[in-house]
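Here is what TrEMBL says about this protein:
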- 116-165: domain 'LRRCT' (DOMAIN)
- 168-210: repeat 'EAR' (REPEAT)
- 214-256: repeat 'EAR' (REPEAT)
- 260-307: repeat 'EAR' (REPEAT)
- 309-352: repeat 'EAR' (REPEAT)
- 354-397: repeat 'EAR' (REPEAT)
- 399-441: repeat 'EAR' (REPEAT)
- 445-490: repeat 'EAR' (REPEAT)
Amino acid sequence: MTLAKMADPMAIAPVAILMMESERSMLVLSLSWVLAITYRYCYWRWLWVGCRRRRRVGVRATCFIEDNDIGSISKNALRGLRSLTHLSLASNNLETLPRFLFRGLETLTHVDLRGNPIQCDCRVLWLLQWMPTVNASVGTGACAGPTALAHMQLRHLDPKTFKCRAIELSWFQTVGEAALGVESFSYQGEPHIILAQPFAGRCLILTWDYSLQRFRPEEELSAPSVVSCKPLVLGPSLFVLAARLWGGSQLWARPGPGLRLAPTQALAPRRLLRPNDAELLWLDGQPCFVVADASKAGSTTLLCRDGPGFYPHQSLHAWHRDTDAEALELDGRPHLLLASASQRPVLFHWLGGRFERRTDIPEAEDVYATRHFQAGGDVFLCLTRYIGDSMVMRWDGSMFRLLQRLPSRGAHVFQPLLIARDQLAILGSDFAFSQVLRLEPDKGLLEPLQELGPPALVAPRAFAHITVAGRRFLFAACFKGPTQIYQHHELDLSA
C-alpha cells in the first residue's frame with residue numbers, strides 16, 4: 001500500500017510518503033522534505049499524517065515518529081528542518097541510522113532513539129562520533145547486537161575500539177614479461193619502476209602515463225640473464241646496477257635528465273660469479289651496493305663509490321653461497337644480514353670502516369631470504385623458507401627472537417611493505433595463492449588480509465609499491481608469468 005500527499009486539513013502542503021511492505025509488516029519512511037519552517041507540530045501514528053500550521057514566529061518545531069515499526073529511514077528524511085528542536089524515533093524497528101541524518105539540524109536539543117534494536121557494528125560508528133559534538137540530549141538505549149555487545153548502552157561504547165576501515169588490492173594492469181626483481185624509485189620528481197627481466201634480457205623502466213592512466217615503458221637496458229636491477233639517484237644523475245648471472249655485472253649511468261642510460265663500468269668480474277641479489281646502503285655518508293653471490297668460488301662483495309664508479313671495498317662471507325642480502329639499522333648503526341644456502345643467516349655490523357660478524361640467527365635453518373620492517377619502535381624480520389614455515393622475528397636488543405610462524409610451502413619471497421597507514425607483508429608461493437597479511441598493532445602479529453588474484457601470481461619473486469597521481473599500486477614480479485599490478489583501495493565500512 002502506498003499513501004502519498006496525505007495531510008491534515010490544517011496543513012498547507014504535502015509532507016510525507018509512507019509505504020507499507022505487507023511481507024514484513026513494517027513501514028518504510030522515505031521523506032524528501034518534511035516540516036518546513038511554517039510547521040509547528042508533526043506527528044505520525046501508523047498511516048495518519050498530520051501537520052499544523054505555525055501560528056507564531058519563533059516557535060521551534062517538534063517531531064515525533066514513535067511506535068510505528070519503521071525499519072529504515074532515508075538519509076534525506078530530515079533535510080531542511082532547520083528549526084527542529086525535539087526529535088523522537090523511539091520504539092520503532094530501526095537497526096541502524098544513515099550517516100548525515102542529522103546534518104544541518106543545528107537547533108536540536110533532544111533526540112530519542114530508545115526502544116530500537118540498534119546493531120552496534122560499524123554502521124553506528126558515525127552516531128558515536130556525532131553525539132559528543134552536539135549540544136543535545138541523546139537517548140540511545142541499548143545495543144541489540146552483535147552478541148558481544150548485546151544489552152550494552154550505546155553511550156558506553158568507545159568509538160576507538162571500532163575497526164571500520166578495510167583495504168583491498170584489486171588487479172589493475174599486466175606487464176607481459178616475466179621478472180625476478182622489481183624496485184621503485186623517484187627521479188626528477190616522478191615515480192618510476194624498474195623490472196629485472198632475465199628472459200627478455202633487460203632492465204625495464206616504467207613510468208606513469210597521465211593521458212592513458214596506465215604504466216608504460218620509458219627505457220630499457222640490455223642485460224642478458226639479469227637477476228637484479230638496483231637504482232640509485234644522486235641529484236640529477238641516475239645509476240642502475242645490473243647484476244647478471246653470465247657476462248658480468250654492470251653499472252649504467254645517466255648524467256642528467258633528457259639523456260639515456262649507458263653502461264659505464266664492469267663490476268668486480270672476478271668476485272661476482274653468480275649474483276643472486278643486490279641491495280643499496282649508505283655507509284659513512286657514501287652510497288654502496290652489496291651483491292650476494294651464490295657460487296662456491298665467488299664471494300658476496302661490498303662496492304662503494306670512489307670517484308665516478310663503484311669499486312670493491314670488502315669481500316664478505318666467501319664460500320657460503322649467499323642467496324640474499326638485507327641492509328638494516330640496529331641500535332643506530334648500519335648492519336647487514338646475509339642469508340645462505342649453507343648456514344643460518346649471519347648478522348654483520350659496521351665497525352671501523354668494515355663489516356664485522358656480530359651474530360647469527362638461531363632456529364633459522366634453510367632461510368632463502370630476509371626482509372625487515374619497523375613498527376612501533378621495534379624492528380621486525382621476515383624470513384623466507386621454501387621448505388617449512390616462514391618466520392617473523394623481533395629484535396630484542398641483542399638478538400632476533402622468534403615471534404610467529406607461517407606455513408609457506410614453495411615460498412621464495414616474504415616481503416614487508418608499508419602502504420598508506422598499513423604495514424603489510426606478502427608471502428608469495430609457487431604452489432598456492434600469495435597471501436597478503438597485515439600487522440595488527442594490538443597483537444603485534446601478522447594477520448591474514450586477502451589472497452592476491454585473480455589473476456593468480458605464477459612463481460612470485462619480488463614485490464614493490466608506488467604512489468602516483470594520488471593512487472597506490474603494488475607490483476608483483478613473477479618468474480614464470482607476467483608481472484601483475486594491483487591497485488590499493490581503502491574501504492570505509494561505516495559508510
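Cβ from N, Cα, C; glycine included.
Residues of the same chain lying 6 or more positions beyond the ends of the repeat 'EAR' (214-256) and with a Cβ under 8 Å from any Cβ of it are 173, 175, 180-181, 183, 185-188, 192-198, 201-208, 262-269, 272, 274-280, 287, 289, 291, 303, 309-310, 473, 485. Sequence-distant contacts of the repeat 'EAR' (168-210), counting only residues of its own chain at least 6 positions beyond either end whose CB sits under 8 Å from a CB of the stretch, comprise 216-231, 233, 236, 238, 240, 242, 245, 252, 257, 436, 450, 452-455, 461-469, 473-489, 491. Secondary structure counts, DSSP: the domain 'LRRCT' (116-165) has 21 helix, 8 strand, 21 coil. Residues 167, 169, 347, 359, 361-363, 368-369, 371-373, 375-376, 380-393, 447-453, 456-457, 459-465, 472, 474, 476, 479, 488, 490 of the same chain lie 6 or more positions beyond the ends of the repeat 'EAR' (399-441) yet place their CB under 8 Å from a CB of it. Beyond its flanks by at least six residues, the repeat 'EAR' (309-352) meets 241, 251, 264-265, 267-268, 271, 276-283, 288-296, 299-303, 358-362, 364-365, 367-372, 379, 381, 383, 395, 397, 400 of its own chain at Cβ-Cβ distances under 8 Å.
Summarised as a single figure, the pLDDT of the domain 'LRRCT' (116-165) averages 93. Secondary structure of the repeat 'EAR' (354-397) per DSSP (helix as H, G, I; strand as E, B; remaining residues coil): 0 helix, 28 strand, 16 coil.
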